Amino acid sequence: MIDLLGLDLDGTLLSRTRQINDPTKQALANLIQKKPSLKVMILTGRSLFSTLKYVQELNELCKKPLVEYFCCYGGAKLYQLNNNQPQEQYKFLIDSRQVKTVFEIVEQHKGLFLAYLDKPKAPYIILGANQFYAWLIKQFWYKQRCEYFKNDHLTDGILKINVYFACPLRLKKVYQIIKRQFQDTLNVVNFSKHLIEITHKDGNKGYAIEAIAKKQGLSLKRMAVIGDSLNDRSMFEKVQYSFAMSKSPDELKLLATEIGTKTNRFRFSSLVDLITEKIIN
């Protein structure tokens with residue numbers, strides 16, 4: 001009943017230690033054994049650089065090109081893997097004027113502005129607005145992968161913006177401001193009580209999975225997805241079968257055809273087992 005399985009990474013495929021754990025490997029192996037022709041697509045908010053290693057790990061695990069297509073930056077960029085090299089299929093950049101306006105709003109409210117540049121090598125992340133947070137992130141997290149925001153970065157193109165606030169109330173206020181101002185041109189997702197994720201209006205996971213359906217001649221009614229956060233909503237709305245992780249927001253659970261019940265190391269593998277047992281044929 002399904003030809004393609006779309007998977008989110010963080011909070012879904014990956015364990016809390018950001019690994020593909022043994023129960024997950026076994027569940028995926030059982031799934032592929034039952035339907036060898038099944039394709040898997042990765043859909044994540046991560047950058048190309050931190051996504052590619054998991055794509056390659058899945059393909060090595062199955063000893064075949066299980067994952068041919070994957071999208072990064074919340075759906076703003078789609079890739080096809082060809083001879084183990086990612087080839088860009090499309091991208092959606094945020095208008096530079098919108099980037100600057102969002103930066104100014106975040107700076108005014110003393111939040112952290114983090115944006116992903118459309119660049120093939122480091123530094124591909126820019127930080128700004130709250131100078132202390134930016135310094136902290138650069139020193140202890142992204143290091144050489146990032147640099148501080150300059151107007152020159154606007155010409156490189158921005159794929160995705162993350163906005164962070166320590167105070168949930170302040171984040172909620174800024175979310176409402178940005179959402180109201182750009183509701184027709186940007187995807188503005190309240191990812192968590194500390195994070196807002198922003199992409200071009202068409203730069204979302206739903207658009208990506210629909211694009212693959214058209215490109216591969218697949219039916220959305222024969223696709224399933226697994227996710228755990230509100231940036232997965234767009235792909236839940238497109239496909240026939242959607243599986244929400246047990247700790248997903250209620251808004252996502254309402255869209256799901258099935259909801260996970262486990263919160264331990266089997267939280268993802270139990271959903272894959274369910275697909276294997278019930279809907280894979």
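Backbone N, Cα and C define each Cβ position, glycine as well.
Database features (Swiss-Prot):
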{"type": "ACT_SITE", "residues": "Asp8", "note": "active site, nucleophile"}
{"type": "BINDING", "residues": "Asp8, Asp10, Asp228, Ser229", "note": "Mg(2+) binding site"}
{"type": "BINDING", "residues": "Leu9, Thr44, Gly45, Lys205, Asn231", "note": "phosphate binding site"}
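Structure with Swiss-Prot features highlighted.
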residue	record	contacts (Cβ under 8 Å, 6+ apart)
Asp8	active site, nucleophile	Leu43, Thr44, Lys205, Val225, Ile226, Gly227, Asp228, Ser229, Asp232
Leu9	phosphate binding site	Ile42, Thr44, Arg46, Thr51, Tyr54
Asp10	Mg(2+) binding site	Arg18, Thr44, Gly45, Arg46
Asn231	phosphate binding site	Gly45, Gly74, Gly75, Asn187, Val189, Phe191, Glu197, Asn204, Lys205
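Binding-site extent for phosphate: residues Leu9, Thr44, Gly45, Lys205, Asn231, maximum pairwise Cα distance 12 Å (rounded to the nearest whole number). Cβ neighbour count within 10 Å across all protein chains ranks Thr44 highest among the binding-site residues Thr44, Ser229.
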